[in-house]
Each structure stands twice: as C-alpha cells, then as structure tokens.
C-alpha cells in the first residue's frame with residue numbers, strides 16, 4: 001500500500017446563496033441547524049386530481065373513513081396490494097431461523113457472532129433484542145453481526161466509524177483500454193472523518209496517473225520541488241510515498257499494473273478536484289502557452305482539450321538509475337534525507353505474540369512531517385490491544401481479513417463495528433478502541449495519524465503501572481488480576497481462534513506470556529518494550 005500526506009492543513013469556509021423557499025442543512029459538530037429561507041407556499045386548499053394514463057383506475061388517495069377514529073370500529077378491509085403479506089423472505093415464525101454459537105449467551109459477554117451460516121439472521125443476543133420481521137438485506141446482516149445483535153455493553157450515540165470502499169463510486173480513467181479507476185472516501189461518505197480522506201486507485205499495465213498536484217497532501221513516482229531538485233523512485237507493495245501540498249508529481253504503473261492507497265490531510269478532499277497538467281494547458285490561451293514554453297504555437301495544436309486523469313501509456317524505460325539521470329537538472333537530485341519515498345516493505349517487523357507491527361513517522365521518514373503510520377498484522381483470535389491516541393484522530397484501512405472494533409467515547413457511549421477487507425475506519429482522538437481478528441486468516445491493517453510521532457496509550461500498561469490498590473479499589477478486581485497486568489506495551493494480545501473462548505489466563509492459554517522478538521528502535525518514535 002502507498003501512503004501520501006500533507007504538510008499544511010487548509011481552513012475552508014463554505015458560503016452558500018439560496019433562493020426563496022429552499023431549506024439548507026448545515027452540519028455543526030454534533031448539532032444540526034436548519035435555516036428556513038423565505039416562507040412556504042400553502043397549497044393545501046388547491047384541489048389535486050392527477051390525470052392518469054389510459055387504463056388507470058381508482059384514486060391515489062383514500063377517504064376520511066380510513067382515519068383511525070372514523071367508521072364503525074370494525075377493522076378496515078385489506079384491498080391490497082399495499083405491503084406484502086408474510087412470504088418466504090419475510091416469514092419469521094419460530095423454527096424458521098437459526099442462532100449462531102454464543103448468540104444465546106449473556107449479552108454483556110459480547111462474544112463474536114459468526115452469522116455466515118445462519119438461516120435468517122436475527123437481532124437476538126442473550127435476552128436482548130428479538131426477531132426481525134420486516135424487509136432486510138441478509139448479506140449486510142451477516143457482514144455486520146455486531147450491528148444486528150449488538151453487545152449488551154454498547155450504549156449511547158457514537159458516530160458511524162466505518163465506510164466500505166466497495167460502496168464508493170469508482171471513476172474510470174480516460175481513452176478506453178481499461179486504464180484504471182479511482183474511488184474515494186471523504187466527509188461525503190464518512191462525515192466523522194473531518195481531518196483525513198482516502199483514495200483507492202488502480203492503474204492498468206503501464207498506465208499513468210496524469211502529471212498533477214494537490215492542494216492537500218497525498219509504480220514509479222517522480223517529482224520536482226521548488227528548488228528544481230528532482231526525485232524518482234520505483235516502489236513495490238508495502239512501500240510509502242509522501243508528496244507535500246503543491247509539489248507536482250507523476251505516478252506510472254509497471255507492466256503488471258498497480259493498486260495503491262492515498263491518504264490526504266483534508267477530510268473533504270476530493271480526487272475530482274486535483275490540479276491536472278492537461279487542464280493547466282487547456283485553460284490558458286495558446287499564445288500564452290507558446291510564449292511561456294518558447295515554442296511556435298503550431299506545436300500545441302494537438303494538446304488535450306479534456307483532462308487525461310488516468311490513461312494508458314508506454315512502458316517506462318531503463319533502470320531506476322538510468323531514469324534518474326534522464327531527469328537530472330542543474331540543481332541535482334533531492335538530498336536523501338528529504339526523500340519522498342520510504343521502503344517500508346524492507347523494514348523488519350517488530351513481532352509479539354499474536355502478530356507484528358511496523359511503525360514509520362517523521363523520525364525515520366522526515367519529509368512526512370505530520371504523518372505517522374503503523375502497519376499491523378493480527379493473527380486469528382488475537383487482538384490489537386485496547387488503546388487510544390493522544391494527539392490525533394486515527395484513519396485506518398483494513399487490507400486483509402476481517403475484524404471488529406468497539407469505539408468507547410466517554411463518559412459512557414460505545415459502539416461496535418464489524419470490518420472486512422477494503423473498509424475505512426475513523427476514530428476520534430482519545431476514544432479508546434481495539435481491533436479483534438474475527439476471521440480465520442491473518443488480519444492486516446494500516447493505522448494513520450496526523451502527528452509528528454506515532455504514540456498511543458495502552459490500557460493494560462497504564463493499569464500495570466498504576467498502584468495495584470488503586471486499581472483494585474476502583475474496579476473491584478482480585479489480586480490475581482493485578483498480578484497479570486503488564487508493565488510493557490504489548491501492542492497485540494494473543495487469542496484463541498475459537499472465538500467462544502472466555503478463559504485467557506496464562507496457564508490455560510498457549511503463548512499468552514509476553515515474549516516479543518525483533519527490535520523496536522528508539523528512532524521509530526514508539527515506546528521501547530523489553
């Protein structure tokens with residue numbers, strides 16, 4: 001996956017003019033203000049008798065005798081078609097649905113419910129909820145069991161924290177030949193994500209993302225900075241790049257094509273608003289272009305009249321070093337410590353029981369001055385431990401597998417969300433959360449922060465470094481609980497692929513004793529574990 005970011009956060013002020021009679025809704029944090037423009041027209045006294053087509057009969061309206069307190073008290077006769085009666089798809093009588101293992105356990109236990117094989121999934125968890133008798137999409141329910149039958153510990157109102165990229169409209173490239181596509185998530189799709197947005201892009205073999213630049217910050221990549229210094233690099237799966245706002249750049253796929261992820265430091269960023277070189281040429285007089293580039297105007301007769309965006313190209317020539325020599329100018333190449341790319345794929349992971357993590361932030365990738373990222377792997381049954389971030393909201397993307405997240409928003413609201421590959425998550429600063437692997441394959445996901453250093457608070461380490469008596473008196477837990485609290489940051493805690501497991505004591509739980517391997521360099525900006 002590829003990462004891009006931003007050097008500056010733009011403050012945007014939106015203004016709107018509205019004609020009379022229009023109502024406009026403005027989102028203000030957790031409130032909505034409705035402003036009426038003009039007065040409403042009262043047309044209730046105007047008779048309305050629509051003229052129907054040939055063959056129509058009846059009336060689109062009923063009569064006053066259908067009001068609840070009218071008539072003789074007898075039930076009105078159902079004349080149809082109206083709402084359909086119970087059918088095979090809506091029948092909910094006993095015996096026509098199945099419950100998953102754990103679904104009848106106490107709701108506060110909150111076991112993960114695998115509804116993938118359930119007949120007619122139901123909103124039942126322990127003694128909570130009940131049957132679903134109305135219209136529904138069973139596939140959505142199976143994908144979101146913690147929404148259908150939520151844990152008993154979920155409470156209050158928490159903003160939606162998930163958006164599936166699969167529901168974003170994919171914009172096609174131009175020129176035919178299947179050059180590629182791009183789809184995005186911004187505040188239109190996920191209103192809570194006010195500080196960051198994401199774009200998922202695919203380039204076909206040798207295709208280009210047109211030469212462009214962004215007003216927010218965001219395979220062979222190339223760019224030129226304000227000093228005329230050049231940069232070119234070839235990247236592979238798992239590497240990162242960062243282009244500051246306004247720095248023009250290009251992206252080209254290899255012969256195999258490429259798919260990547262872009263993250264921007266502006267929640268309402270739109271990929272459709274990117275500044276393109278084809279538009280730059282199309283929106284300036286040709287005489288001005290000829291003068292600027294010191295050519296005869298006839299040279300410009302075939303310039304594009306519409307943007308190229310994503311389009312098929314020719315294979316790039318030569319090795320990385322040969323390509324760098326071709327673009328080398330008087331100012332030379334960009335200094336190594338100002339590199340726009342970081343080969344995260346070559347960074348050895350820090351492994352702990354249950355998974356691994358790679359952290360990158362400006363301490364190792366200096367140009368990304370306010371972006372930090374962590375690439376996690378979580379084994380089946382294991383969990384990214386309960387934690388929260390101190391200085392930034394978290395934007396995350398599930399690359400592989402499936403999992404669930406509970407977002408706790410003080411003082412007493414929480415909501416559990418189910419994630420599958422391709423889903424975007426967004427968690428406000430200081431809200432505690434975890435991600436539990438609920439599938440049978442390794443879960444891989446990316447955490448992105450707008451911060452100069454990747455930092456988090458581990459709930460377990462916090463309590464482990466708090467006087468034991470304080471914890472006992474506050475939580476009413478036995479000494480055995482205090483004795484198991486770690487004094488190190490674990491990042492991930494191991495688990496049992498059997499998600500009905502409830503005993504995780506070291507004696508009964510294989511590999512539960514903390515025993516990390518690898519190194520956690522101080523330069524990563526993360527805390528050191530022993």
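Cβ coordinates come from backbone N, Cα and C, glycine included.
Owing to the predicted nature of the structure, the values given are computational and were not obtained by experimental measurement.
The Mn(2+) 1 binding site annotation in TrEMBL covers 212, 214, 249. According to DSSP, residue 249 (Mn(2+) 1 binding site) sits within a strand segment.
Classification of residue 389 (Mn(2+) 2 binding site) by DSSP places it in coil, neither helical nor stranded. Close to residue 389 (Mn(2+) 2 binding site) in the fold, though at least 6 residues off in sequence, lie 427, 429, 430, 449, 451, 455, 456, 457, each with a CB less than 8 Å from its CB. The Mn(2+) 2 binding site feature in TrEMBL is assigned to 387, 389, 394, 433.
Taken from TrEMBL, the feature compositional bias 'Gly residues' covers 60-71. Long-range contacts of the compositional bias 'Gly residues' (60-71) within its own chain (CB-CB distance under 8 A, at least 6 residues past either end) are made by residues 50.
Here TrEMBL flags 87-101 as compositional bias 'Polar residues'.
According to TrEMBL, the feature domain 'Cupin type-1' maps to 168-301 (among others). In the domain 'Cupin type-1' (168-301), helix, strand and coil residues by DSSP number 21 helix, 46 strand, 67 coil.
DSSP places the residues of the domain 'Cupin type-1' (342-483) in helix, strand and coil in these numbers: 22 helix, 66 strand, 54 coil. The feature domain 'Cupin type-1' is assigned by TrEMBL to 342-483 (among others).
Sequence annotations record features per position, and here TrEMBL assigns region 'Disordered' to 57-102.
The signal peptide feature in TrEMBL is assigned to 1-18.
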Task: Rounded Cα separation (Å) that holds between residue 433 (Mn(2+) 2 binding site) and residue 249 (Mn(2+) 1 binding site) - done: 36
TODO: Would you kindly give the Cα-Cα distance separating residue 249 (Mn(2+) 1 binding site) and residue 394 (Mn(2+) 2 binding site), rounded to the nearest Å?
DONE: 27
Open item on the list: So if I draw a 10 Å sphere around the Cβ of residue 433 (Mn(2+) 2 binding site), how many other Cβ atoms end up inside it?
Closed with: 22
TODO: May I have the list of same-chain residues other than 387, 389, 394, 433 whose Cβ is within 8 Å of the Cβ centroid of the recorded Mn(2+) 2 site, in sequence order?
DONE: 388, 427, 431, 432, 447, 456
TODO: Using C-alpha atoms only, work out the spacing between residue 387 (Mn(2+) 2 binding site) and residue 249 (Mn(2+) 1 binding site) and round it to an integer in Å.
DONE: 37
